[in-house]
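S.K.: Sharing a structure below in structure tokens format, with a few things to ask.
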């Protein structure tokens, strides 16, 4: 803290048809043929021969292509890094700041911090570093509770010729608050507010942090302190206060703030209405949720996908799935494209009510309208595993691979556990090895379960092989 104070400033119905319906994870941008080709190579080639496979296919890269590929492989940090290194060697190409930032995020996600800092040094030598570089690193450290490292990252900015400013200060506060370390954020805020004059964003970050603690009195105190300091709340601050009050069960007080906004230059946004609709849904006040939605439209504010999703969630909370489907249809009529979350909310509700056949039908509908995300695939694979339909779970997995979607740690874990339930330890080991090679760190629970089964079957040699692979590729042992 002494150093810090010195700074100034995303099946059986005919898999062949589904595989042809490829589109980018970016909803409005078609992935180029080159990007598709590269992704196909990366999904099918062993990590050690990736460079050779890419060279033999004669693919050429551009900054846009590299950025797209890295984003698609953000869950597979080491595979992404090998591509990143290969791309850097290509003629007439140099990495963009966005490519560096995406790669830094992927490496931090799998705790490859040394390589991450090597990239920071590369960016420094190319004079490409900026405040956002360090904000990304602070967020990633804080997310895994490496608070000292997050603060250190802020402290060393000046050594890397990047002057810490208010945006960096807010970035550190935000990283700490989002990782549920609001007390640490408050400590830093109090010690540095003389060096950095807080703005509405600084106060809003703390208000939201204390609201999530939850500590409503402290959130109110920061709001009053903001006003006393002569810092005027903006629309984001009002939205956060409404959210904090709703989460604390003070809906009437939140409504009071919304009414008071009429006397300011700000009017309630779709975000604020989405909070109110969601809160009413959580409280099973479905009529209030509907009335709030209709009031928003009456006030001339067009509902966006977030508000529609809140209304869908409200209906699903009381198991009114037909109404949720009507909302989806209304979205289509109003020209609002549903996103993966729109469908995931209904899928989660249906699966929770054991309506698994209907969930499967909805999944089939979904893939015709938007791209499933990691949560979608994880839910569907888990559903089939729990129904003891492992072949269907594997079909979803294969479809996911055909779509060149890199599984998350949770998706891998769900299928590995499903295989373990069926006693298919060998297939589970193949998946775990694939997971490790992609640079995805398995959870202690998943690895521990597989470890127990391997020992039980007398296959200590396989266990030793997997453990060594984890130690080499992930740098951190999972088991002593």
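Easy rule for this one: first residue shown is 1, then count along the chain.
Yeah, the Cβs are placed from backbone N, Cα and C, and that goes for glycine too.
Here's the feature list from TrEMBL:
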REPEAT    130-164  repeat 'PPR'
REPEAT    165-195  repeat 'PPR'
REPEAT    199-233  repeat 'PPR'
REPEAT    234-268  repeat 'PPR'
REPEAT    269-303  repeat 'PPR'
REPEAT    304-338  repeat 'PPR'
REPEAT    339-369  repeat 'PPR'
REPEAT    373-407  repeat 'PPR'
REPEAT    408-442  repeat 'PPR'
S.K.: Take the repeat 'PPR' (234-268) and find every residue of the same chain, 6 or more past its ends, with a Cβ under 8 Å from one of its Cβ atoms.
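M.R.: Those are 200-201, 203-204, 207-208, 210-212, 214, 216, 219, 223, 226, 275-276, 278-280, 283, 296, 299, 301, in sequence order.
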S.K.: Let me spell it out: take the repeat 'PPR' (373-407), skip the flanking residues so only those 6+ beyond its ends count, and list any with a Cβ under 8 Å from a Cβ in it.
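M.R.: Contacts with the repeat 'PPR' (373-407): 10-12, 15, 18-19, 22, 25, 36, 39-40, 43, 72-76, 79, 340-341, 343-344, 347-348, 351, 356, 359-360, 363, 366, 414-415, 417-419, 421-422, 424, 435, 438, 440.
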S.K.: By a Cβ-Cβ criterion of under 8 Å, what residues six or more beyond either terminus of the repeat 'PPR' (269-303) are in contact with it?
M.R.: 235, 238-239, 242-243, 246-247, 251, 254-255, 258, 309-311, 313-315, 317-318, 320, 334, 336
S.K.: Could you tell me how many residues in the repeat 'PPR' (304-338) are helical, how many are strand and how many are coil under DSSP?
M.R.: 27 helix, 0 strand, 8 coil
S.K.: So how many of the residues in the repeat 'PPR' (234-268) end up helix, strand or coil by DSSP?
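M.R.: Helix, strand, coil within the repeat 'PPR' (234-268): 26 helix, 0 strand, 9 coil.
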